[in-house]
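Visitor: Okay, handing you the structure first.
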Amino acid sequence: MDLILVNIIDGLVTGLLLFMLSAGLTLIFSMMGVLNFAHASFYMLGAYFAYQISQGLGFWMGLLIAPLIVGVLGAGVERYGLRRVHQYGHVPELIFTFGLALLIEELVQFVWGKNQMPYFVPEALNFSAFAIAGNSIPAYKIFMIFISLAIFIGLLFILTRTRVGMIIQAALSYPRTVEALGHNVPLIFMGVFGVGTALAGVAGVIAGPVLGTFPGMAFVLGSIVFVTIVIGGLGSLWGALVASLLIGWITTFAKAYNIAMADILNGIGFATPENLDDNLFRDLWTVTSPQIADILPYILMVLILIFRPSGLFGKRHS
Amino acid sequence: MKSITKLGAVSALSLVIGASASFAETIKIAFIDPLSGPFASTGTNGLHQFQFAADYMVNEKGGVLDGDTFEVVGFDNQTSPKESLIQLQVAIDQGIRYIVQGNSSGVANALTEAIDKHNRRNPDSRVLFLNYAAVDPALTNDKCNFWHFRFDANADIKMDALTDVIVADENIKKVYIIGQDYSFGKAVSDAANKMLGEKRDDIEVVGDELHPIGKVKDFTPYARKVVSSGADAVITGNWGADMLGLGKAIIDNGFEGPIFTYYAAGSGMTAAFGETGKDRIRLISQGSINPIGSEEARETYNAFKEKYPEGNIDQSRIFNTIGMLATAIEEAGTADDVVAVASALEGMEYDSMWGGKLFMRPQDHQLIQDMHVGVHTNENVEFDYDNSGFGVVNESTIEMAGMDSATTCEMKRPE
């Protein structure tokens, strides 16, 4: 019972981190209609920049400055890269971002090398906040929860309660009309792209010390971010949040409990075959939940696509 | 008639040898390991250590056999067995007689088979395989052959030493075993279960699991299971990002006991663990760095650091490999006849500058040496890793580990 509570907190941390990545991606996707394959690379850049800044100025300055640099870089990529490629259609855009992801990974390896970086949790947060039945919850995790929630509330407020948000939302659906009203739509796009990548940067800054800062960190998270926005529904902030939390909890619980497939199959009325060694379905019978934990989100995505193609909170596009 | 031919051949051969002795020659060594891709840092670091060892221990001291020098040539195999076989062929075509490799037992298995086949078919261009790091026990058991020599202790010998330390600690009653889901992770788990059971049957294995290799984003759920199992110690064979992620998660989430590992040092990992891993991470290794094995070793390490300020000597067995090869070539009196060199290596006893004796067991070509279990710390560290101030300090030494370990090797020697 105690462990359930601990897993709920762990899943919440994983989910909220995923949300910070997918929030930016889902905004960019719905706006420009292009999947930014390099999104996780901006996450990696956030971690590396923050590590570099923290060497001289400490963790907090890294948290402040690194996302800004990543955001400016992102805006630059939109202004001088994507906007030029845009006129040739979606496929060149896709290839552009794909190439960008590879380029960023090579650059990171070139500058910082291939090793793990010694990027640490700040001293002020390096203690155990509280413990549940011997399982300590690090203070840093509580900090991660608060910072992600703050970002979610901030984004929601800007998008739904302010004039800027209104113009952005309008530009997403009716760019021509908004432009005719005298707003600079390309500038809005650039701004949203910048903010989206900066959000990925924040995720990198705060995930780097716990998940490790190394050249493969973008690759590890790359595909799961797309799964999140597809499950949540493209362009929906609430969808991104719900899908992130769902994925966080599903994977955490699947890893935390050794549920064997044999038990489930027995439970729904199948008898375990006498001799498993020669059985055609041997692998199916012996698989356990931690082994498949990381593919469960993909299964969920396929199910969502079958039964609700627009995602949990998505509006169907014509 | 026959004896005249023989006489002619022998005199011709001696003429050639005599002529070549007056000119210093280069003895080439092919280093077939990853120099690009995800494991490039490990491979490149290894190549540096080999090239440095060859220059420092052999070439600068006048070489072997009247001035012949060693040259280590890098061949990039991208950690792929298939690519390794191509590179092996390239190396043989270039007239190279000595192959060194170590990263991935999968590659080592492919190479040892290919070399055995090649040597049987081409007695004129035989090569030796000096394996400096691939620890799959099968290589010196069922798959052993005359051409393969292993300079690292195999996974069983290492686990034997680790479990000796574990069973000596009365406080450890419950052990959690966790590793990557592939052949090496399984070998570690099997060895740990078997040896703990044999040595102290009151030790309970409270967890034994494998996780997908290189795919786990967050190890927290695994760490929760370790903590709630009530384990007093953890054993893992993890390496790379999986080692760091697992180690950090276990420590951050409230596990108090020691973590026994194979590969938790060097290549950025020691720096990345830093203070978190202090007095928690235990590591099995050969050769003593802290305290340093000898004055000679200290000079060697300092000279290496001067040439590669960002590098570390994290594989002291590379220096043993070069040292023993040079000795064997001197003893054989030739570098071209690899059968003679291999025969000189078999049963060789060698004093390592890293401390202790080395013995190349003739039955299976497994090097027997002292094993050290050290702790990750920043106290009494003369030589750190990654310039981090943190390094590994010896806590216990098992002399000539695995001296009497069983082998199923049935070696066929050439006529």
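Each residue, glycine too, has its Cβ placed from N, Cα and C.
According to TrEMBL, the protein has these features:
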TRANSMEM  A:12-37  transmembrane segment
TRANSMEM  A:57-82  transmembrane segment
TRANSMEM  A:94-112  transmembrane segment
TRANSMEM  A:142-160  transmembrane segment
TRANSMEM  A:181-207  transmembrane segment
TRANSMEM  A:213-231  transmembrane segment
TRANSMEM  A:238-257  transmembrane segment
TRANSMEM  A:295-314  transmembrane segment
Visitor: Using Cβ distances below 8 Å and needing 3 or more such pairs, separated by at least 6 in sequence, tell me whether the transmembrane segment (A:238-257) contacts the transmembrane segment (A:181-207).
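Guide: Output no: the transmembrane segment (A:238-257) is apart from the transmembrane segment (A:181-207).
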Visitor: How about the transmembrane segment (A:94-112) and the transmembrane segment (A:12-37): do they have 3 or more C-beta pairs under 8 A, pairs 6 or more apart in sequence?
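Guide: Between the transmembrane segment (A:94-112) and the transmembrane segment (A:12-37), contact is present.
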Visitor: By Cβ distance under 8 Å, which residues at least 6 away from the ends of the transmembrane segment (A:213-231) in the same chain are close to it?
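Guide: That would be 18-19, 21-22, 25-26, 29, 35, 37, 39-41, 43-44, 47-48, 51, 101, 104-105, 108-109, 112, 114-117, 119, 204, 239-240, 243-244, 246-247, 297-298, 300-301, 304-305, 311-312.
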Visitor: Output the single range from A:57-82, A:142-160, A:181-207 maximising the number of Cβ pairs under 8 Å to the transmembrane segment (A:12-37).
Guide: A:181-207
